[in-house]
Structure formats: C-alpha cells, structure tokens
Amino acid sequence: MKSILDETIELSSDLISINSVNPTFGGIGEKEKSIYIKNKLEEYNKNYSIKNCEITEYNTVDSEGIERPNIVSKYDFGKNDTLTIISHMDIVPEGDLGLWNSDPFKAEIKDGIIYGRGSEDNHKGIVSSFLLLKMIFEEKIDPKYNLNLIFVADEEDGSKYGLSYLVNNFEDEIFSSKDLIIVPDFGMPEGEFIEIAEKNILWLKFKITGKQCHGSVPENGINADLIAFSFGKGLYDKLYGKYDGINPIFNPAFSTFEPTILKNNIENINTIPGYVELNFDCRIIPKYDPKEVLSDIENYIEVFKNEIEKHILHFDISEKENISITYEILKLEKAEETKKDSEVVKKLGSAIKNVLNKESVLCGMGGGTVAAFLREKGYNTAVWGIGDETAHQPNEHIKIENLIKMAEVYLDILK
C-alpha cells in the first residue's frame with residue numbers, strides 16, 4: 001500500500017488534472033471527475049476487501065443536455081448513526097493564465113504545498129474523504145458511526161443539479177435526522193473555525209428601460225445609464241440604512257448590498273443607451289427576511305420612478321411613463337443556523353482539540369455552501385476544513401499536510 005503522503009499527492013494531482021469547470025462558466029462539467037472518483041472508490045473496495053459499501057449514482061441532466069453526476073458511497077458499520085461528509089466536484093474557471101505561476105490543470109508541488117485549480121475548492125474535501133477510508137481500513141478500527149461520502153455537482157452555480165437535486169428528490173434515501181454532517185468547503189489556516197451559519201443570499205438583476213438617442217441630444221431620449229447610476233446608489237443607501245443590524249458571528253458582521261455587474265446595449269460612445277442591466281449581490285444576516293427586502297425594493301422602484309426628475313436633468317418628458325425598472329431573482333437562498341450545541345458541532349470541536357490542539361471557534365460567513373440546503377431542511381450541518389483561503393484565486397493551493405490533518409480529524413470523530 002502507498003504511504004499516506006504518496007496517496008495524498010497522487011489523489012490531489014489526479015484531481016487537478018481533470019478539468020471539471022461548471023458548465024455555466026463555459027466548462028464541460030463534472031462527468032470525467034465523477035468517473036475517476038467512482039473508479040477510485042471501487043479500487044479501495046477491492047484493495048481493502050470492503051464488503052459493506054454501497055455506491056449509488058444520482059445523475060441528472062441540465063438545461064443544456066449535459067449530464068450532471070452525483071455519487072453517494074455508504075459504508076455500513078452496523079451502527080445507528082452516520083457521519084456524512086459532502087464534497088463538490090465542480091470547479092470555477094482558471095481565469096487569467098497570466099496570473100498563474102504554473103499550469104492550473106497540472107499539479108505543482110513546492111515546499112509541501114500543492115498548486116492547481118480546485119486544490120482547495122473543493123479537492124480538499126474529496127482527498128480527505130479518501131484518506132479517511134485509507135485510515136479506517138489500514139488501522140482496522142471499529143467506527144462509532146456508519147459513514148456516507150457524498151460527491152456532488154454544481155455547487156459553484158447554486159447546486160440545482162447537485163445537493164439541491166438530491167435533497168429535493170432523494171432526501172429519505174440518503175439522509176437521516178441523526179446524521180452528523182460535515183461540509184469541508186471552508187477553512188482557515190489553523191483549522192479551528194467551524195462555520196455554523198451563512199447569510200441569506202439574494203442575487204438580483206435589474207432591467208432598466210429608457211429611450212435610446214444620439215449623445216448630442218439627451219432631451220430626445222432617456223438615459224438608462226443615468227437611471228441605473230442613480231437608482232443603484234439610492235437603493236444601496238436605502239438597504240444599508242434600514243438593514244443595519246449586527247451579528248458578530250459573521251465577518252463582516254453586517255448585511256451587504258453591493259452592485260456588481262453593469263452593462264448596457266450600446267458599443268459606441270456617441271449613443272445614449274436605452275437599456276441597462278444592473279446586478280446586486282445581497283448577503284443578509286439571518287435576522288432579516290429576504291422577502292421583506294424584496295418588498296422594500298419594489299416600493300423603492302415606484303418612488304424612484306415618480307421622482308425621476310430629481311435624477312436626470314435632460315430627458316424626453318413625454319416618454320416618462322415608458323420608463324421601466326423590473327428585476328429578476330437570480331438566486332435566493334434562505335439561511336438557517338446550525339445549533340451551537342448540536343452533536344456534530346460538539347464532536348467536531350472535540351476532534352479539533354484532540355488532533356490539532358486548538359480550541360474550536362464558531363463562526364458564520366457571507367459565502368454560500370451546500371450546507372444551506374440541509375439546514376433549511378432541519379439538518380444540523382457543520383462547514384469546516386483547513387486551508388489558506390486561496391479558493392477561486394490564481395495559484396490556488398493547499399498544504400499537503402493539511403489534507404492529512406483533515407482526515408485525521410474525521411477519524412477522531414469515528415473512534
């Protein structure tokens with residue numbers, strides 16, 4: 001059998017070499033990576049003579065006809081409760097290659113660190129899951145819990161074809177209320193932080209219609225850019241002003257309402273645009289209901305339109321009634337919080353103390369993980385890992401020793 005170090009390097013290197021960029025971002029998806037994972041699971045079953053394993057594929061097809069795979073590997077150790085570890089197979093694009101010091105899809109190892117796209121997000125979950133299996137069967141321990149290893153698609157684009165698909169269609173088949181669920185899709189360098197809460201996520205696309213005209217005669221049209229600028233700033237001020245509560249478990253501790261994408265329908269400098277799209281990324285602390293935020297947005301749209309003269313100096317007043325501001329909800333994920341005294345939080349905290357010699361710290365975050373879907377269904381879920389916070393960045397990387405430490409923490413829970 002390979003050493004734990006050699007196994008870690010091989011698994012990480014193999015996964016980095018398989019491009020599984022989410023199709024929404026122009027990639028080919030997770031199929032090839034899922035084949036590798038399933039074959040590796042079967043290889044482990046053979047090498048360690050594992051008889052109590054059931055591997056099930058829950059594949060679906062997305063709107064573009066691309067197969068989106070999900071794998072659930074169950075290990076029955078004859079126990080009443082189950083430790084469930086959920087990792088995702090899709091990755092984000094590599095971005096500007098000029099910012100990388102190496103090929104993002106060819107692992108590079110330097111000073112005990114492995115570099116490559118996906119190395120942290122979320123290969124650390126996949127690799128540490130396999131290392132856990134290696135430890136269980138080489139050390140021949142009798143685990144206190146059954147074990148479920150779940151590998152899902154589509155996390156980077158909202159999980160419609162991944163965990164959301166599993167929870168909405170196969171919940172009773174896969175999950176139990178007694179499960180200890182860990183999502184290794186977060187992590188700080190020392191590994192002491194356990195994420196138990198996420199902010200509500202609300203992504204909006206505003207569609208703003210004015211009237212296109214020549215740039216030299218603004219009074220013949222309605223400048224949709226100006227509407228977008230003024231509307232965006234006004235909405236920004238209104239939402240930050242009203243939803244100003246603080247929850248210190250998060251960093252930042254407040255809700256955020258940030259305009260992001262702004263684009264119009266013209267390419268030449270001497271045309272006033274008649275149509276603009278403006279996107280907002282809202283991360284709302286759990287005390288506030290996103291439905292209330294949406295209601296305030298709808299009210300603000302009407303107020304803004306009625307006061308349009310305050311925002312544009314020169315425009316075709318006869319077309320005022322044709323000004324349109326509508327919105328599309330791109331994502332709405334309502335957040336629930338894992339109980340601080342839940343079994344998974346207590347067991348994970350104890351394992352962190354035993355293995356890492358760190359006192360665990362409970363926290364929340366503004367980013368989203370698949371834990372949101374489970375918490376919404378009432379499952380206490382801990383998001384945890386060890387990493388250097390390089391996800392989605394050029395030169396993404398992770399320390400090889402931290403992949404092994406993650407598996408040791410899981411193992412401590414099972415002992």
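Cβ from N, Cα, C; glycine included.
Swiss-Prot lists HIS88, ASP121 as Zn(2+) 1-binding residues, and of the candidates ASP157, ASP172, ASP179, ASP185 the one it assigns to that same site is ASP185.
For the Zn(2+) 2 site, Swiss-Prot records ASP121, GLU156, and the single candidate of HIS392, HIS397 listed with them is HIS392.
For ASP121 (Zn(2+) 1 binding site), applying a Cβ distance below 8 Å and a minimum sequence separation of six or more within one chain yields ILE91, VAL92, ASP185, ALA391, HIS392, GLU396.
In sequence order, ILE91, VAL92, GLY118, ASN122, ALA391 are the same-chain residues whose CB sits within 8 A of the CB centroid of ASP121, GLU156, HIS392, the residues recorded for Zn(2+) 2 being left out. Note: the Cα of GLU156 (Zn(2+) 2 binding site) and the Cα of ASP90 (active site) are spaced 7 Å from each other.
Shown are the binding-site residues HIS88, HIS392; of these, the residue with the fewest other Cβ atoms within 10 Å is HIS392.
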